[in-house]
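Here is what Swiss-Prot says about this protein:
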BINDING   12-18, 42-44, 258, 284-286, 324-326  GTP binding site
BINDING   13, 14, 15, 16, 40, 41, 42, 43, 127, 141, 179, 194, 256  IMP binding site
BINDING   13, 42  Mg(2+) binding site
ACT_SITE  13  active site, proton acceptor
ACT_SITE  43  active site, proton donor
BINDING   252, 253, 254, 255, 256, 257, 258  substrate binding site
């Protein structure tokens with residue numbers, strides 16, 4: 001039984017939703033915990049032919065046996081939280097979705113400040129979700145916590161106690177981060193970053209898990225890179241080149257068109273170093289090599305695709321254990337047994 005953390009290795013939009021869905025289907029963790037900044041990041045999840053866009057609820061919600069927890073490090077907008085409970089009602093998330101008492105609360109004041117700031121909205125490219133101003137208030141110790149909001153009382157639990165008890169009992173725990181390494185307040189392309197760190201160590205702290213309790217850190221990369229908003233992007237290609245490659249993507253929260261670039265092995269190596277990666281999940285290989293769409297055996301990938309994957313693995317120095325070849329759960333090559341045992 002393991003405690004696993006999954007975080008993004010680039011600038012977000014790496015395909016965390018699909019991979020989390022896969023892990024939570026295959027491994028069936030008893031607890032799925034949400035770490036990260038807050039509702040400024042969207043996870044796209046496809047399950048049973050339906051697509052969901054989530055901003056707070058853990059992406060493994062479809063596993064009806066799992067408890068879904070939101071760690072104290074995560075900012076909560078009660079309106080977004082309530083909306084997602086209703087939105088996902090067919091999966092019986094009510095009664096098994098809880099947040100820590102110390103989650104800080106985003107209010108209309110914070111979202112207004114975010115949207116009204118020309119610096120944040122135009123220069124930095126904020127999503128307008130209120131996370132930056134809310135984290136500023138948190139640092140100044142002027143923000144309300146979930147325990148201060150009567151309407152949230154029935155959703156409050158002691159997240160660190162629940163998770164650590166589960167780990168001590170030998171149960172599987174899955175912790176999902178949000179956004180990506182390049183957006184880290186500490187290690188990203190400052191000032192074009194989010195309002196806190198996005199690395200695996202912070203994800204563990206967000207939910208109250210000490211570093212010695214973590215068994216696996218999976219860093220997820222897209223086979224190419226995308227970025228929403230402003231900021232340095234060394235391997236960026238022109239929209240015309242991206243169009244020739246057949247790549248056109250839009251952000252889940254903002255709807256803004258994503259910038260596109262080539263895979264950056266040096267950036268990936270640094271991302272894996274700082275995150276302490278034990279595994280890599282690589283997504284969207286089918287976008288670069290369309291002949292690999294829906295392949296679920298490594299030997300059935302084209303030689304060109306295999307060479308591409310093996311070159312990344314050799315240069316980054318971390319085993320690539322999961323390869324996504326399409327949006328469906330079946331479109332996955334799982335090499336964990338071969339590479340980790």
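Every residue gets a Cβ built from N, Cα and C, even glycine.
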Tell me the Cα distance separating residue 18 (GTP binding site) from residue 179 (IMP binding site), rounded to the nearest angstrom. 14
Students should find that the Cβ of residue 18 (GTP binding site) has, within 10 Å, a number of other Cβ atoms equal to 27
With DSSP assignments reduced to helix, strand and coil, which class does residue 18 (GTP binding site) get? helix
Helix, strand or coil at residue 179 (IMP binding site), per DSSP? coil
Around residue 127 (IMP binding site), how many other C-beta atoms are within 10 angstroms of its C-beta? 27
How far apart, in Å, are the two Cα atoms that lie farthest from each other among 13, 14, 15, 16, 40, 41, 42, 43, 127, 141, 179, 194, 256, the residues recorded as binding IMP? 34
Least buried by Cβ count (within 10 Å) of the binding-site residues 15, 42, 257: 257
Measuring CB to CB from residue 325 (GTP binding site), give everything in the same chain under 8 Å that is also at least six residues away in sequence. 285, 286, 292, 293, 294, 295, 296, 301, 331, 332, 333
For each of the binding-site residues (12, 256), count the other CB atoms lying within 10 A of its CB, then report the residue with the highest count. 12
For residue 18 (GTP binding site) and residue 43 (active site, proton donor), the CA-to-CA distance in whole Å is 8
In three-state DSSP terms, residue 285 (GTP binding site) is classed as helix
